[in-house]
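Q: TrEMBL feature annotations, pasted as is:
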type: TRANSMEM; residues: 16-36; note: transmembrane segment
type: DOMAIN; residues: 78-222; note: domain 'Flavodoxin-like'
type: BINDING; residues: 84-89, 136-139, 171-180, Asp206; note: FMN binding site
type: DOMAIN; residues: 277-516; note: domain 'FAD-binding FR-type'
type: BINDING; residues: Arg296, Thr530, Ser590, Arg591, Lys596, Ile597, Tyr598, Val599, Thr600, Asp633; note: NADP(+) binding site
type: BINDING; residues: Arg452, Tyr453, Tyr454, Ser455, Thr470, Ala471, Val472, Tyr476, Gly486, Val487, Ala488, Thr489, Trp671; note: FAD binding site
Amino acid sequence: MTDEKIENVVTGEEPFLGTLDIALLVILIAGGTWYFTRNRTKPEELGRTYSIQPTTVSTAAVTENSFIKKLKASGRSLVVFYGSQTGTAEEFAGRLAKEGIRYRLKGMVADPEECDMEELLQLKDISNSLAVFCLATYGEGDPTDNAMEFYEWITNGDADLTGLNYAVFGLGNKTYEHYNKVAIYVDKRLEELGATRVFELGLGDDDANIEDDFITWKDRFWPAVCDNFGIEGSGEEVLIRQFRLLEHNDVQPDRIYTGEVARLHSLQNQRPPFDAKNPFLAPILINRELHKGGNRSCMHIELDIEGSKMRYDAGDHVAMYPINDKDLVEKLGLLCNADLDLVFSLINTDTDSSKKHPFPCPTTYRTALTHYLEIAAIPRTHILKELAEYCSDENDKQFLRSMASITPEGKEKYQSWVQDACRNIVHILEDINSCKPSIDHVCELLPRLQPRYYSISSSSKLYPTKVHITAVLVQYKTPTGRLNKGVATTYLKAKNPEEGEVKVPVFIRKSQFRLPTKPEIPIVMVGPGTGVAPFRGFIQERQHLRDEGKQVGESILYFGCRKKSEDFIYEEELEEYVEKGTLTLKTAFSRDQEKKIYVTHLLEQDADLLWRVLGENNGHFYICGDAKNMAVDVRNILVKILKTKGNMNEPDAVQYLKKMEAQKRYSADVWS
């Protein structure tokens, strides 16, 4: 009752409550007491009521972010942090934490983005404690997204980490200029802050054999840890499942994940903001062939992002979540004697872990193998070690075990039989007939299917609601006679908008690959093949500025391909920009003459031009494409030009180029 109604009652001449009122009140009180008492009885029956709830994966930490509390509560002393962009560093971290049991160091894996990293100061309070960092270097020497905050904290802070025991393993690629820069810096910086290095820095090279690098480092790391803490290993490695299987028979269909990255039904009920955990389903408007001949294919794809509130700048990347080839999924199901439509969950046996499932659960095996797992990737040695246990033939078992070993013979066998032969999990099970693993264990072992990144080949100034992609279809014959297909490009090739509406899940990733803030600054772009993609956006933007009457500096593009008549992509567009005076185009068609000509030859010939633009007019230099050969060659040519035309010695020329990088005048968007 409101105050006003109470006042009206009490100011009357009648008694506050009559006989009937009291009777009704007693009945109400008795009824209420029975209702609430009834709901509090038989507590043991409530324990038998089960409800299957879908996993919700949030970008924010929704659980306790104190790794110190988790370590203490579960009697652990080893914490392995990972900085991962593609999942490899996270996988290595998991393997180290799992192996710690052999050395009486019970471990846990931790994402630095979800932890209060200042708690590293408290780790010394735990006996025999050790922090290991598996850190990948990404882009132009940058930390991965999830390690950025930690990297900035140790860079800018001056915490006293005395008493902290640590070790670092880095994941990099030698074809890149800043090889393992993040791991090298973190290893050095932790020591500067007073921490104790338990074992030397490990450096993994993804251009060679990062799995071999990791195993070699790991097998020297553990004896050093044992020495440091005065502990002994427990001998033979015991293979322990990280996740337990739960099969569902009665879960409601609308509670089953069907390919969503995180939030259930996120692909049906789209809502911004869109990011890696919540991709936008973008309709494909155009999917056309760019090559005019030959036996290769290059696609020009236009995505519609209208209504997504996603924004991009020329030079940014679009990330796409692909799905695996249906035939490969079916083959894997048959090889494992699996019912692919069975609904299941994999549940972490470590109840303290923030990662309750390896991928969204509950789901079907078909969905897991299609949307969540890398079934076309080359399996790492720890997978072979676990597959060996499913071999009924002893020779097959020993063969797989040998390839998973650290012996020179085993490493050589793994290199030739798995890596060089490009065998994925399906090929391995096809060629080792007696190996029949359980499908749920395969799902636990395989890494997560990662998004694929493409340099956006359009300018938002011209196409604010569209994103253009330029992608070569990946297909190749393996030494075993099989046809391997690129996961993402095969997926995209089949997306034909002329046959009806087709959509792909995407998000935008910001880049440091940027045009100069002042449009009058001259630029040089080197982009053979699909390396031209971001430069198409750059040129569109500069043409747009010119059309608005603004002064625009010289724009020089070095483009190369095999044959002008076959794979000179965007030829008409580029020629039009040349005619309008926006672009200076330098082309190299390697197979149109007897002696092959590449963009590197053109750069060497244009030493005077390049010195004028870069050395005298403070222009910007951009390179996009192959990191392993082309990018390295181009950099060496620039150093040579700086020496000859700038009258510098070798160290000064190298330093000049590094200064250009620091000033964002030299930028690379390369891949290997």
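Just so you know, the numbers here start at 1 and follow the chain as drawn.
In case you wondered, yes, glycine gets a Cβ from its N, Cα and C as well.
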Q: With Asn173 (FMN binding site) as the reference Cα, tell me which of the binding-site residues Tyr454, Gly486, Trp671 is the closest one.
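A: Considering only the listed binding-site residues, the nearest one is Trp671.
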Q: Tell me the Cβ neighbour count for Arg296 (NADP(+) binding site), meaning other Cβ atoms within 10 Å of its Cβ, over all protein chains shown.
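A: There are 13 of them.
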Q: If one measures from the C-alpha of Tyr179 (FMN binding site) to the C-alpha of Trp671 (FAD binding site), what distance in angstrom results, rounded to a whole number?
A: 13
Q: Rounding to the nearest whole angstrom, report the longest C-alpha distance spanning Arg452, Tyr453, Tyr454, Ser455, Thr470, Ala471, Val472, Tyr476, Gly486, Val487, Ala488, Thr489, Trp671, listed for FAD.
A: 23
Q: In whole Å, how far is Gly139 (FMN binding site) from Thr600 (NADP(+) binding site) when you measure between their Cα atoms?
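A: Rounded to a whole number, the Cα-Cα distance is 23 Å.
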Q: Work through the binding-site residues one by one (Ala136, Val472, Ala488) and point out the residue whose CB has the fewest other CB atoms within 10 angstroms.
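A: Output over binding-site residues Ala136, Val472, Ala488: least Cβ neighbours within 10 Å is Val472.
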Q: Could you check which of the binding-site residues (Gly139, Arg296, Ser590, Tyr598) sits closest to Thr470 (FAD binding site), going Cα to Cα?
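A: Checked the binding-site residues Gly139, Arg296, Ser590, Tyr598; minimum Cα distance to Thr470 (FAD binding site) goes to Arg296.
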Q: Whole-number Å only: compute the distance from the Cα of Ala136 (FMN binding site) to the Cα of Tyr598 (NADP(+) binding site).
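A: If we compare the Cα positions of Ala136 (FMN binding site) and Tyr598 (NADP(+) binding site), the gap is 32 Å.
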Q: Of all the binding-site residues given, Ser84, Asn173, Thr470, Ser590, Thr600, which has the fewest Cβ neighbours within 10 Å once its own Cβ is left out?
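A: Among the binding-site residues Ser84, Asn173, Thr470, Ser590, Thr600, the lowest count of other Cβ atoms within 10 Å belongs to Ser590.
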Q: Same-chain residues six or more away whose CB lies under 8 A from the CB of Trp671 (FAD binding site)?
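A: Set apart from Trp671 (FAD binding site) by at least 6 residues yet with Cβ under 8 Å, we have Gly625, Asp626, Ala627.
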Q: How many whole Å apart are the CA atoms of Gly139 (FMN binding site) and Tyr454 (FAD binding site)?
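A: Between the Cα atoms of Gly139 (FMN binding site) and Tyr454 (FAD binding site), the distance comes to 13 Å.
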Q: About how far apart, in whole Å, are the alpha carbons (Cα) of Ser84 (FMN binding site) and Arg452 (FAD binding site)?
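A: A Cα-Cα distance of 15 Å.
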Q: Should any of the binding-site residues Gly87, Arg296, Ser590 have a Cα within 10 Å of the Cα of Tyr454 (FAD binding site), which are they?
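A: Checking Cα-Cα distances against Tyr454 (FAD binding site), none of the binding-site residues falls within 10 Å.
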Q: Per-residue pLDDT averaged over the domain 'Flavodoxin-like' (78-222) comes to what?
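A: Averaging the confidence scores along the domain 'Flavodoxin-like' (78-222) gives 93.
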Q: Using C-alpha atoms, which one of the binding-site residues Gly87, Tyr176, Arg296, Lys596 comes nearest to Gly486 (FAD binding site)?
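A: Closest candidate to Gly486 (FAD binding site), judged by Cα separation, is Arg296.
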